Every structure is written in C-alpha cells, then in structure tokens.
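Asks: As listed in TrEMBL for this protein:
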- 1-415: domain 'Major facilitator superfamily (MFS) profile' (DOMAIN)
- 7-28: transmembrane segment (TRANSMEM)
- 48-68: transmembrane segment (TRANSMEM)
- 75-92: transmembrane segment (TRANSMEM)
- 98-119: transmembrane segment (TRANSMEM)
- 140-159: transmembrane segment (TRANSMEM)
- 171-195: transmembrane segment (TRANSMEM)
- 233-251: transmembrane segment (TRANSMEM)
- 271-290: transmembrane segment (TRANSMEM)
- 302-319: transmembrane segment (TRANSMEM)
- 325-344: transmembrane segment (TRANSMEM)
- 364-384: transmembrane segment (TRANSMEM)
- 390-410: transmembrane segment (TRANSMEM)
C-alpha cells in the first residue's frame, strides 16, 4: 500500500474537464434571450439545450457504468474528454441563424460526454487516494463541475453582449465557442498524456482487497442486483434524489422566481445563482475534509439535510420581503448545504456498498437525481404559474422534510472503513 504523487494530477485534470463540460451545459441558459434572438427559435427550444443533459443521462448510465467496470478509468476518461472536445468543435459550425440543428447536435454530444463524467468522482477517489483523504478527493472532483456552472453564469454575458446586428453577434458567439473548444482540446491531450488506469500500488487496504478479486468473478448484473438488495443504499438513492432534484428545480426556476418579485433585476438574478454555486463549492470542500477527519457519514449527512431544509424554508419566506440582500444571504445558506450534500452522498454510497463498484453506485444516485429533477422542475413550474412562488417552494420543502425523515433510518454500515480496519488488524 503506497500513495502515488500522480493522484493529484489525475483528480485536478478530471475536475478541469468536468468544469469544461458543465460550462457547456449552462452557456446557453445564462444568455437565453440572446440565443433566442440569434437563432430565431423559442425560449423553450433553448431550454431543451440544457434539459438534454438530464434526458441523455438516464438511458446511457448503465452501458457507461458497465464500461467503467469492465474497461476501467482510463477509457472512460478518454471517452468523456474526447466527446466534450468534439461537441465544442461541432458548435463552431453553427454560427448562422439557420444552423440551430448543428448547435443542438454539438450540445447532444456534450450531454453524452457528461454521462462519462458524473459517475467518476467517487471511483477516482477510491482507486487513487488513501483512506484518510478519499472524501476530500471526491469533493475536489465534484468541485470542478460546480465551478464550471459558476463560470457559465459569469462568462457568457461578458463575451456575448446583447446586440441587434446578427454579424456582430455571430462574431462574439464565435469567440466564446472557439475559446471553449481550444480549452477542451488542450484538456483532451492532457488526459491522453497524464491519465492512468490506476497507481502502481493500491492506495489503501480496502482498495488492495478490491483489486485482488479475480475479474472473471465479477458480474455487472449481479452487482446491480446486490446494490438494489442493500436496504440502506436504496434509502440513500431516494434521499439523494429528493435533495438533488430540489436543487435542480431551484437552479432552473430561480431566474423566474427572482424576476417575479424584483422586476428588472436580471443581472442580480444571475448573481444570486452564482452565490448559490460558490457557497455550495465551499460546502462541498468542507464536508469532504470533515468526513476524512471524523468518518461520521450518517450524522454529517443528516445535519446537512436538515440545513438544506432550513435554508429552503428561509429562502421561501424571505423572497418576497423586498430586500434583495436578504435573498442573497438565504440563497448562499441554501447553496452551502444543498451542494455540500453532493460529495457526501457519493462517499456515503461508497461506504454502504463496498466492495461493489463506486461508478455503479454513484450512477444510480445520479439517475435518481435526474428523474426527481425533471419531475420537480415541471411540477414546481406549474405550481408557480397557478399559485405563486411561495407555494412552489413549499412544495419542495415538503419533499426535503420527507428526505430528512428517511435519512434517519439509514444505518451507518461503513463497509469500506471496516475493511481497512480488518486488514490493519490482520
């Protein structure tokens, strides 16, 4: 058992191309009105450029998780970064108003790349990092995706101003597309050079035991069935889906809610979104460090869940007070706990399901999040239209309360920690 110095290069490189992919997800939504004007399509059509990320993930998760288990980390990393790069270059061919289908194709390719990215953080952390730093590594891997969303809120409005002249608009869009394509290409080349399947020596005793199992003994179908027979993990799938689904719905509908109470504050609506993401990144890093220090997975998960519920209740009842600074504060508290929950869920799942593949367990968590995200976004949107923003947010609060109660019943069966302890005693 020995740690490899390359592990930090691997996790930072993964975090970087995950950032690039997340930026491409949000780049249309953050300047929705400009792309509506440029391509001459409806707002709903531009919204689908973001929604396709959710829809693509659900059917492709299982084939990609199977590939991760059979072929390993390097192939998945190469596929994810290559598709991300290809999608970015395809978009450069869509710089005329009549070429909207080309930009859709580029975005669909990027959404397929995301399937090769979202399930990787806990797997990279387990394969490359020691037992005392595995949760911190997972939070760094998740951090990149969140930072990409934050950059996606800030950069597109700066690079692409709202202009009437189509030629000028095409010029600015070309600059944005070219910059992201160049960055994606550099990252793909770095993945080819730097990324390895696994370190020369296992980084922990639990990983040494896992690697010693003969590959022919492994059955992907049996792995899925074993995970679904694990009651604690099934409860975690539901609670993770409820929490992250609420976060997706709030992210999608946040702009509409803020503008309804503060007309003309489009810029501040974007800044509120940025506040949620930035505070969430701090929450994700701190929760990862805390887990490595304490190993209190169940208690930390429950506390963060309760904080998410309290944060959403505070956001709900302060949104209509007429003080924008209060909304910034409550949005920051909400983002800190909700986004901080993401690496917690991945790492708790890895503990509950050891020695099953981390890629499969985190993939099932993500499917639950996407399904609940679509349901909550559509439902809350309808409630806001008919009954107002407060009713819509209370709808989400009720599901966070349900998730909190279910979390109480998850037993802290920390199998990975136990494997490390047993091996040390042996």
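Cβ from N, Cα, C; glycine included.
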Asks: Report, as numbers and ranges, which residues of the same chain sit near the transmembrane segment (302-319): CB under 8 Å and 6 or more residues beyond its ends.
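Replies: Tertiary neighbours of the transmembrane segment (302-319) are 239, 243, 246, 250, 257-258, 261, 283, 287, 326-327, 330-331, 333-334, 336-338, 340-341, 344, 389-390, 393-394, 396-397, 400-401, 403-404, 407-408.
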Asks: I need to check the long-range neighbours of the transmembrane segment (140-159): which residues 6 or more away from its ends have a CB within less than 8 Å of a CB in the stretch?
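Replies: That would be 11-12, 14-27, 29-31, 117-118, 120-121, 124-125, 172, 175-176, 179, 270, 273-274, 277-278, 280-281, 284-285, 288, 339, 342-343, 346.
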Asks: Do at least three CB pairs under 8 A connect the transmembrane segment (233-251) and the transmembrane segment (325-344), leaving out pairs fewer than 6 apart in sequence?
Replies: yes
Asks: Hey, which bits of the same chain come close to the transmembrane segment (7-28), Cβ under 8 Å, at least six residues off its ends?
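Replies: Contacts with the transmembrane segment (7-28): 35, 46, 49-50, 53, 77, 80-81, 84, 87-88, 107, 110-111, 113-114, 117, 120-121, 124-125, 128-129, 137, 140-141, 143-149, 151-153, 155-156, 176, 180, 183-184, 187-188, 190-191, 194-196, 199, 203.
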Asks: Restricting attention to the domain 'Major facilitator superfamily (MFS) profile' (1-415), give the mean pLDDT.
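Replies: Over the domain 'Major facilitator superfamily (MFS) profile' (1-415), the predicted model scores a mean pLDDT of 85.
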